[in-house]
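Sharing the features that TrEMBL gives for it:
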type: BINDING; residues: 217, 270, 271, 272, 273, 274, 275, 276, 339; note: (6S)-NADPHX binding site
type: BINDING; residues: 310-314, 329-338; note: ATP binding site
type: DOMAIN; residues: 117-408; note: domain 'YjeF C-terminal'
Ligand SMILES: NC(=O)C1=CN([C@@H]2O[C@H](COP(=O)(O)OP(=O)(O)OC[C@H]3O[C@@H](n4cnc5c(N)ncnc54)[C@H](OP(=O)(O)O)[C@@H]3O)[C@@H](O)[C@H]2O)[C@@H](O)CC1
Ligand SMILES: Nc1ncnc2c1ncn2[C@@H]1O[C@H](COP(=O)(O)OP(=O)(O)OP(=O)(O)O)[C@@H](O)[C@H]1O
């Protein structure tokens, strides 16, 4: 009897230790995963910290920046006071950014700043709810696509959908339409850009669009560019945000007045497009030792519209501040990455515009949207490059949009009913 009892208690003890060992193993694994997550987070923050800085206009007076006027929308700009002595400036509400080329990883203050801008991007992302109907999270129009270039408008339009827009329209020439449709049944394609009443045809759709992205694959045909000019004018007249990229920037370099003073515009030049624009507007060559200053000056000269100068580091300015995005991408530079950026920016700028300055702590919402789109593009580039290396193409980056978006922005956005 006693022996049986002793045996039972030994068995129970062994079971207990076995169970405890398993529990500790699980706990260890959980801690390891948590630790790895923290490390990954810190690494990401470190990369981002190295990349973001802000600068403000060195003009003695500061200007208020106002968005395109739409019903129920309030002006998003606040006057930023720059103090040239301590090189810090007073932020509008609660955020403090410092003017430096990179942040020290050890500075907790900078860490907070970095977290803040990502938080602001998250703030403008609309929640997914059962109460919304198709179209409410974004109807984006891409103006571009001609015989030579069918990939660029496709990349922009599909990127807009994958970031979260509900509908993506492409306005292209007749001979580009079939190809673009064949790439994706998700796109709505209008073969109107080369018909005589192209501007009126596109204008019919403008009231249904939240943002227009003009330029990817537009080409440089005189007639098409003339139509594009008319479309920009009508979009501007309706106060609809417009992102101008690629050949659209070629057009702006010929006629800067079309866009001058329209703060609903975001221009996304690569280095070549930037110098073309800069020379056309400021009648001076770009100062290659002062990229920050050049981006500020171009934005100011065009009336404080938002400029995203793409490159090894993306410089984003509204003529008052310069944000630097050097989130880690890769060294692979295949064509079409800028199209992914402009399509994503189409959606993010709509969300930011809708959210207004209350959600961006008084910061120009377009700066927040541009920072979000640049980080996202670079994150897609990074993820796709890790998988495919040198064979990576823009299509591979587009496949990464969902996971890249989740990684950067989504963890605080919960689906609600
Ligand atoms: N699959 C498709 O359909 C795609 C179509 N696309 C569409 O093509 C159209 C024309 O766009 P684009 O950029 O090629 O035209 P453009 O301004 O004449 O540049 C030409 C010259 O500029 C230079 N250069 C370029 N980038 C530079 C940089 N970052 N930094 C410095 N220099 C740079 C370079 O000079 P090089 O290397 O020869 O010295 C190059 O020869 C446009 O509609 C676009 O949307 C693309 O979206 C791609 C995918
Ligand atoms: N040297 C670089 N290092 C890292 N990222 C870069 C570099 N150059 C550009 N990028 C990134 O690639 C994206 C597209 O920029 P790019 O200069 O290739 O535009 P683009 O020439 O207009 O593209 P497209 O081929 O679509 O016309 C941007 O998000 C930018 O951040």
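From the backbone N, Cα and C atoms, a Cβ is placed for every residue, glycine too.
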Could you list, ordered by sequence, which of these binding-site residues: 217, 310, 330, 332, 339, have a Cβ under 6 Å from ligand 2?
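Correct list: 310, 339.
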Within 10 Å of residue 271 ((6S)-NADPHX binding site) by C-alpha distance: pick out those among the binding-site residues 330, 334, 336, 338, and say none if nothing qualifies.
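None, since no candidate lies within 10 Å.
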Within its own chain, what residues at least 6 apart in sequence put their Cβ under 8 Å from the Cβ of residue 312 (ATP binding site), listed in sequence order?
326
Counting other Cβ atoms within 10 Å of each Cβ, which of the binding-site residues 217, 336, 338 scores lowest?
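Fewest other Cβ atoms within 10 Å, among the binding-site residues 217, 336, 338, is found for 336.
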Between the Cα atoms of residue 334 (ATP binding site) and residue 275 ((6S)-NADPHX binding site), find the distance and write it as a whole number of Å.
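Their Cα atoms are separated by 21 Å.
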What does DSSP say about residue 330 (ATP binding site): helix, strand or coil?
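Looking at the DSSP assignment, residue 330 (ATP binding site) belongs to neither helix nor strand, so coil.
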Is any of 217, 275, 314 (binding-site residues) within Cβ reach of ligand 1, i.e. under 6 A, and which?
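Checking each Cβ against ligand 1, the ones under 6 Å are 217.
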Using C-alpha atoms only, work out the spacing between residue 273 ((6S)-NADPHX binding site) and residue 330 (ATP binding site) and round it to an integer in Å.
22
At a 10 Å cut-off from the C-beta of residue 314 (ATP binding site), count the other C-beta atoms across all protein chains.
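Taking all protein chains shown, residue 314 (ATP binding site) has 25 Cβ neighbours within 10 Å.
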Which one of the binding-site residues (310, 332) has its C-beta surrounded by the most other C-beta atoms within 10 angstroms?
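Output for this query is 310.
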